[in-house]
Amino acid sequence: MAYSDKVLDHYENPRNVGSFDKNDPSVGTGMVGAPACGDVMKLQIKISDNGMIEDAKFKTYGCGSAIASSSLVTEWLKGKTLDQASEIKNSAIAEELALPPVKIHCSVLAEDAIKAAVADLKSKQK
Amino acid sequence: MKVEKMTMPIYMDYSSTTPVDPRVAEKMIPFITEDFGNPASRSHPYGWTAEKAVETARKEVAKLVNADPREIVWTSGATESNNLAIKGAGNFYSTKGKHIVTLATEHKAVIDAVREMERLGFTTTFLQPEPDGLVNIEKFKAALRPDTVLASVMMVNNEIGVIQDITAIGNICREQNIIFHVDAAQATGKVEIDLEKLPVDLMSFSAHKTYGPKGIGALYVRRKPRIRIEAQIHGGGQERGMRSGTLATHQIVGMGEAFRIAREEMGEENARIKKMQHRLYEGLTEIDETYVNGDLEKRVPHNLNISFNYVEGESLVMAIKGIAVSSGSACTSASLEPSYVLRSLGRSDEMAHSSIRFSIGRFTKEEDIDYTIQLLKDKIGRLRELSPLWEMFQDGVDIDKVEWAAH
């Protein structure tokens with residue numbers, strides 16, 4: 001299968017790979033997907049005192065498009081508020097990476113991961 | 001569209017197809033240009049020359065499997081042979097019974113031909129092999145019924161390379177008067193086939209898995225005792241009516257030459273390939289959390305199928321683009337389902353997603369093996385650094401106990 005240059009770039013040089021301490025109150029963790037389906041994304045966001053996402057990290061088990069989708073959103077998330085983060089749509093991810101139709105679910109998974117990470121952080125802040 | 005010349009990866013996908021041996025190609029060429037006659041033309045030398053070449057090739061194919069040349073029917077490949085055997089014998093003998101037994105791990109050409117028979121009113125049993133990929137003979141026996149008319153079992157599995165006990169299975173079929181078909185597409189030149197001894201009624205062959213051209217194959221149809229099949233392609237009555245259509249002389253010549261070379265060289269060649277398989281196995285299993293799929297002993301030396309746990313197959317294939325391999329991952333298949341063969345062995349979906357089939361052959365060199373081992377060692381490490389599952393495994397989390405939201 002031929003991949004777009006952007007997918008290949010993120011796959012070859014993934015941005016922001018790693019983990020934060022998931023018990024840190026300023027960290028929100030989203031883990032979505034399932035091994036049986038062939039993709040699992042773990043996305044973490046770290047929020048600063050002023051409510052902005054100051055850092056994001058990911059680890060992904062999945063195909064090249066899944067890795068690229070999660071790598072891309074870690075870049076997009078930095079500097080956004082939680083509300084702005086929640087507005088990131090899978091269609092924007094798919095468009096940016098020029099994902100073929102069979103890989104759209106990878107971008108859906110990335111959107112789900114953002115929502116899960118934001119929800120986790122909000123539940124910690126209550 | 002301009003296609004840039006790619007640097008070609010090292011070929012490790014011989015179970016998908018093999019290059020045509022240069023000796024085979026050379027033998028084929030005159031039959032495209034000069035000796036182009038129709039082997040069915042009886043009235044001039046063009047036809048006679050072609051017919052002679054076709055019959056020489058038929059002898060060569062028969063010789064590799066110790067059969068009578070009259071038992072060889074040319075087809076377009078193993079897919080057609082499997083279809084002809086299953087539909088042809090199933091329908092011919094349907095008054096004796098309408099139940100077919102086969103394996104869940106067969107090639108799609110068998111599985112879907114058997115499924116088509118269901119549509120025609122047959123009932124079917126798809127037997128699950130043991131976790132090592134081999135058929136349990138007792139379970140096979142138990143699957144047979146008084147109305148079982150046909151059984152179809154592959155000799156060598158295309159994904160995991162395991163060799164079934166064709167003699168034992170065939171003997172049971174003989175005792176119960178059941179027609180026995182064997183798909184041997186992946187077996188020729190790799191395991192010895194002696195149809196004088198083997199209790200097999202129908203056997204499918206392919207040229208392009210054994211260094212011959214694509215688009216040609218054969219079906220062995222036993223003469224003693226005579227097995228009858230209904231033709232699936234009708235027309236000029238070639239191949240004694242079992243398969244009409246002008247014979248593709250150059251393809252047939254290619255298959256004959258490929259099978260001749262296989263017969264003469266398979267002993268030495270398989271010993272060499274076995275050594276390389278061992279080297280590959282030793283090197284790759286140095287990597288943590290690797291699992292060989294299928295029995296390692298009852299297996300052709302050409303195949304090594306390994307699951308690299310916690311790494312997804314398609315991303316691994318992307319990472320190792322210096323070599324050409326196949327994966328059991330859903331993402332590499334048209335159906336988006338993980339390998340049904342590995343699932344049939346009881347492998348979990350994730351292990352199927354993480355599998356790579358390495359298949360080596362005549363032109364594989366030892367340095368290719370060493371390059372592959374090093375490449376895998378480098379890339380598995382990198383992808384596991386990216387893998388949340390590997391992280392969980394390292395932290396001692398039991399991944400099977402996590403409640404995943406399936407999507």
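Cβ coordinates come from backbone N, Cα and C, glycine included.
TrEMBL names B:Ala78, B:Thr79, B:Gln186, B:Ser206, B:Ala207, B:His208, B:Thr246 as pyridoxal 5'-phosphate ligands; from the candidate set B:Asn91, B:Asn158, B:Asn171, B:Asn270, the record adds B:Asn158 to that same site.
Among the residues B:Ala78, B:Thr79, B:Asn158, B:Gln186, B:Ser206, B:Ala207, B:His208, B:Thr246 said to bind pyridoxal 5'-phosphate, no two Cα atoms are farther apart than 30 Å. Cβ crowding, taken as the number of other Cβ atoms within 10 Å, peaks at B:Ser206 among the binding-site residues B:Thr79, B:Ser206. Each of the binding-site residues B:Asn158, B:Gln186 was assessed for Cβ neighbours inside 10 Å, and the highest tally belongs to B:Gln186. For B:Ala78 (pyridoxal 5'-phosphate binding site), the same-chain residues lying six or more positions away in sequence with a CB closer than 8 A to its CB are B:His107, B:Ala109, B:Asp183, B:Ala185, B:Ser204, B:Phe205, B:Ser206, B:Lys209, B:Gly217. Cβ contacts within 10 Å of B:Ala207 (pyridoxal 5'-phosphate binding site), excluding its own Cβ and spanning all protein chains shown: 30. B:Lys209 (N6-(pyridoxal phosphate)lysine) falls outside any helix or strand according to DSSP and counts as coil. Cβ neighbours of B:His208 (pyridoxal 5'-phosphate binding site) (same chain, under 8 Å, six or more residues apart in sequence): B:Thr17, B:Thr18, B:Val20, B:Gly77, B:Lys214, B:Gly215, B:Ile216.
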